[in-house]
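J.: My structure is below; once you've seen it, I'll send some questions.
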Amino acid sequence: MVKLNILICGIGGQGVVTTGKILAEAFSRRGFKVMEAETHGLAQRGGAVNVHVRIGDIEVPLIPEGGADYMIALEATELLRNINFLSKDAVIFVNAETKPSALPGQPMVDLNYILSFLKKWRTFVVDCRKISQSSGGYCNIAMLAYLFQFGLKELLDIEDILSAIPGTVNKRLFIETVSASQNYVVSGPAGI
Amino acid sequence: MIIMIELRSTLLLGNQAIALAALASGVSVAAGYPGTPSTEIIETLMEYKDIYVEWSTNEKVAFETAYGAAISGARAMACMKHVGVNVASDSLVSSSYTGVDGALVIVSAGDPGMWSSQNEQDNRYYGLMALIPILEPYDPQSAHDFTVKAFEISSRVGHPVILNTTTRVSHVRAPVKTLPRSSPVKGSLRKRPDRYSLVPDVARRDRDLQLERWEKIKEELESLVVVSGSGRKAIVASGISYPYVKEVLEDWRLQDEVKLIGVFSPVPLPDKVGRELMDVEEVLVVEELEPIVENQLKSFVVDEGLHIRVQGKKLTGRSGEMTLNRVRLAISKFMGLNSEVLERHLQPNVPPRPPAMCPGCPHRSSFVFMKRGVILGGMKETFYSGDIGCYSLGVLPPFNVQDSLISMGSSIGIANGVYRSTGTIPVAVIGDSTFFHAGLSSLANAVYNNTPLLVVVLDNRSTAMTGQQPSPSENMDIARVAAGLGVEYVSVADPFSTDFSKAVANAISWVKVNKKPALLIAKRACALKAVEGFSERPLAFVNEDKCTGCTICYDHFTCPAIMRKANKKAHIDPRECIGCGACVPICPFNAILLKGEKPEGWDRAWLS
């Protein structure tokens, strides 16, 4: 690995910053050079938020357009807002659930419209509603588990991520999601 | 003097690194006002109980607190966002005349790209104007190291030093090797009016001493220039632009074909930078925002009679934060490369998602009932003079109740001007922390000059936007403060109640008759703070038999927990609802109800 760029996007309050922080801690624990750029303050309140995590031979915190190797989209519309960050070989993990903007009269974006832009990329569509209902944990943790299983496990030990995850419910959700996803056969765009 | 012992590397935010470096430098007094992206410095320092740390009421007081400590020999620090320096600037500029006995470091946290600010001013100009050196870190590690350096220079020269960080330094997390704490350097009572009391005679003498110190400072900064590579072309990069240029040169394997000069003290620009350019023909200056280094370099080139072409802003652009693509583009043009900079832009249709007030935010209810109250008070229209805080989001539809907002505390002063020029009674909307920050003197002015206006103070007991820091309103009763200033009509109302509209209407009627200012306090706690610690909460739900699909709750109240169903009826997402009940009086058909008991202490948490 020379550099690795991971972009996490979503809505303020969904755990975008926490997800980035967990990844930064995991890579840092493994001894990688890591930089993670967060969004705080007014920008954080229920609005569109993204967090950049860069690892390896990097000097600056921001991922260039066309540079993201992985993307976690905690809300599907936000994936589209950040789509130009994707590199041509990027792998995407996206929450199937969309949420309308708090502005009145804004349309809900249909998941199929979003997916129509993603044909070039390997995309994992995650049913977050089901995951949080059945586990009581947060979906960003399940997304991290998929990212680990289908991307980062050559670079990190499961312990590196686990030690950075707060709370026993979330730790359990992470372990269970990783072990369940070992059974998935991945070829082309995949649904989870 | 720093004794190097084995250093540990910890994952830290830039702001945490600055705080730990201040502790390592013996800071004993630190003050600030919350403001993104500076807030976590004071928050981190507050965990240390053997030094004095405070949230001041505004940046000027914070600066003066640190300055007062530093002229007594202490090592002191003041922290604020870039626009906060404007508030502090009256004292800041003159502090450069007196210098200090101890050490004084001012952290100015800028926001290129305006992620959370009203402008992106480049505070390095303060260095040029006030003759205060600027250190410009580029990552959390350098934020730590340059903070230590700032304290060293300040105490050695006896002069204030500004550490100029930005969002992408302060809010970046990276491994940092930190120095261990050293004992706080405190002050002692000393009286030197011949230095510190700036009457004209003292000021003239101090001015000469200031210029002498400025020369010493230039020498101190020579070591902060980093040079690598060589060639007829050179790139001078300042602060965070240095690693951007470095990464692009490494990616393109151009490190050896161009001379790279890193500048970390853009003001004053060390002469060493110019000396490094003696055998160079062309220079590209890369820096965020304004041409501070570029212009000093051009002045050096003219002074020395050199024939060097210096380019900067023309190739890099002047607004927004630095990005790799911007630097790639600038370097390709400068080096005459034919590199393809990515142009593959997909343009999907994405609805805007600006920040929104949280579920349960009392401001949402204040705005809805305030607008009704204005009409009830007999005004067809008014001017909503806005201010800085979470309630700035009232600028967005459906509220549209911030017709201007420009700086902390400006709502009341601007309202005065609007009334004087239009004769329309304005409504000034200001938060409790902002009221104490810079609203007091403008409210005094409204009383003094009899401005007919309604001031609505949104008192949520918190400096909420920056993360629920405490607010002076916890200790001071705004109603008594206003009455003490001479406001004759002061009332308090709960914004969750429909009575709030009547309170607004009554106040407006009074202003119309009396032609004087009135003040209404909308008192309800920040929702994020109020619900802390309650695991069991009530839950709002929609009675679908009663819901007519009138759209009021989701299109005109817009709590993020309320959704529109396909049949136009409302649905409340139990994962988002916090059970505050604000939506209950909004529904004209009584279709929204609360289920579940209020836990013990619930009302007190919201209303005390």
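In case you wondered, yes, glycine gets a Cβ from its N, Cα and C as well.
Automated prediction, rather than curation, is the source of TrEMBL annotations.
As annotated by TrEMBL, [4Fe-4S] cluster 1 binding site applies to B:CYS547, B:CYS550, B:CYS553, B:CYS587. Summarising the annotation, TrEMBL assigns [4Fe-4S] cluster 2 binding site to B:CYS559, B:CYS577, B:CYS580, B:CYS583. Among the features that TrEMBL reports, domain '4Fe-4S ferredoxin-type' is placed at B:538-567, B:568-597.
Tell me about the setting of these features in this model.
T.: Within 10 Å of the C-beta atom of B:CYS550 ([4Fe-4S] cluster 1 binding site) sit 16 other C-beta atoms, taking all shown protein chains into account. When secondary structure is read from DSSP and collapsed to three states, B:CYS550 ([4Fe-4S] cluster 1 binding site) falls in the coil class.
Taking the Cβ of B:CYS580 ([4Fe-4S] cluster 2 binding site) as reference, residues of its chain lying under 8 Å away and at least six apart in sequence are, in sequence order, B:PRO359, B:GLY360, B:PHE496, B:ALA527, B:ALA530, B:VAL531, B:TRP606.
Outside the domain '4Fe-4S ferredoxin-type' (B:538-567), and at least 6 residues removed from its termini, the chain residues within Cβ reach (under 8 Å) are 356, 358-360, 364, 368, 398, 573-574, 576-579, 581-584, 586-598, 602.
Nonlocal intrachain contacts for the domain '4Fe-4S ferredoxin-type' (B:568-597), taken as residues 6+ away from its ends with a CB within less than 8 angstroms of a stretch CB, comprise 359-360, 362, 364-365, 368, 496-498, 527, 530-531, 536-554, 557, 559-562, 606.
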J.: In angstrom units, rounded to an integer, how far apart are the Cα atoms of B:CYS583 ([4Fe-4S] cluster 2 binding site) and B:CYS553 ([4Fe-4S] cluster 1 binding site)?
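T.: Rounded to the nearest whole number, the Cα-Cα distance is 7 Å.
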J.: Can you tell me the CA-to-CA distance separating B:CYS550 ([4Fe-4S] cluster 1 binding site) and B:CYS559 ([4Fe-4S] cluster 2 binding site), as a whole number of Å?
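T.: Just about 15 Å between their Cα atoms.
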J.: For the C-alpha pair, I'd like the distance in angstrom between B:CYS547 ([4Fe-4S] cluster 1 binding site) and B:CYS559 ([4Fe-4S] cluster 2 binding site), rounded off.
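T.: That comes out at 17 Å between the alpha carbons.
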J.: State the Cα to Cα distance, in Å, between B:CYS553 ([4Fe-4S] cluster 1 binding site) and B:CYS559 ([4Fe-4S] cluster 2 binding site), rounded to an integer.
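T.: Cα-Cα, rounded: 8 Å.
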J.: Say we define neighbours as other CB atoms within 10 Å of the CB. Which of the binding-site residues B:CYS577, B:CYS583 has the fewest?
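T.: Per-residue Cβ counts within 10 Å for the binding-site residues B:CYS577, B:CYS583 bottom out at B:CYS577.
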J.: What's the most sparsely packed of the binding-site residues B:CYS547, B:CYS553, counting other C-beta atoms within 10 A?
T.: B:CYS547
J.: Which of B:CYS559, B:CYS587 (the binding-site residues) has the most other Cβ atoms within 10 Å?
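T.: Ranked by Cβ atoms within 10 Å, first place goes to B:CYS559.
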